[in-house]
Amino acid sequence: MSNVMHIAKSQSIRLVPFFVTVVLYFALVRDDPEGKVWTTVLKCLPITTLMLYVVLKGFAFNNEYRRSQWILFGLIFSCGGDALLNLNLFPFGMISFGIAHAFYISAFGWTPLKWPIGLGLYVPVAVFIYFIHTNLDNILIFGVPIYSGLIITMLWRAIAKAMASKSFLTIFCAVGAGLFVISDSLIAVTMFLGVPLPCARLQIMITYYAAQFAIALSTADDGPAQKWKTKS
């Protein structure tokens, strides 16, 4: 637990801009924010601050910071996805987020495999897609299954990594990956099933920002000289 507190204290100053921009987004963006440039900027600001965090906490384009590189690229494409979705370009936003998940999968790696976890995640997603496929048209009939596969693979790899290392950062990252899936699931049930969720945007964005925060924070111990062990 002392190591967890040390991580929190050492990283807190670099993360202040993220929390400030999240508060600004929820304080200033009301009603339907889509289609407006200024709300798009505010929506992207928290992810931009996480990109800066990944760079400022220690970063280089070499093998010692490979995980940070993948997650930075994932954040960049996530930011692009945020902008595209807010400008009512859903298919292109989905593509951008799909690329982001591919980078996150690369960051989490493929060892250990732990395939039963993946199988347990893919089955309910396949069932869900089967039930909503009649509501999909044009590019979405192909895009939604592909995107769903990518985000669930991202969750699978995050969980596998957390189970292997049992460190605070990897467990927190796996929680973040789960929140990412929850956020996108909320979008899916409102968009494709027409379920009227109370305060839908609030639920979607809170879980989304929390997810990206956890994923970005997982790079805190990346690099050649770790100043702490992340065992909780």
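Here the Cβ of each residue, glycine as well, is placed from N, Cα and C on the backbone.
Predicted automatically and left uncurated, TrEMBL annotations should be read as such.
Quick look at what TrEMBL lists:
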{"type": "TRANSMEM", "residues": "12-29", "note": "transmembrane segment"}
{"type": "TRANSMEM", "residues": "35-56", "note": "transmembrane segment"}
{"type": "TRANSMEM", "residues": "91-110", "note": "transmembrane segment"}
{"type": "TRANSMEM", "residues": "117-133", "note": "transmembrane segment"}
{"type": "TRANSMEM", "residues": "139-156", "note": "transmembrane segment"}
{"type": "TRANSMEM", "residues": "168-194", "note": "transmembrane segment"}
For the transmembrane segment (35-56), what are the same-chain contacts with Cβ under 8 Å, counting residues 6+ beyond its ends?
11, 14-15, 17-18, 20-22, 24-25, 28-29, 68, 71-72, 75-76, 78-79, 82-83, 86-88, 205, 209, 212-213, 216, 219
Can you work out which residues elsewhere in the same chain, 6+ from the ends of the transmembrane segment (12-29), have a Cβ less than 8 Å from its Cβ atoms?
39, 42-43, 45-46, 48-50, 52-53, 56-57, 202, 205, 209, 213, 217
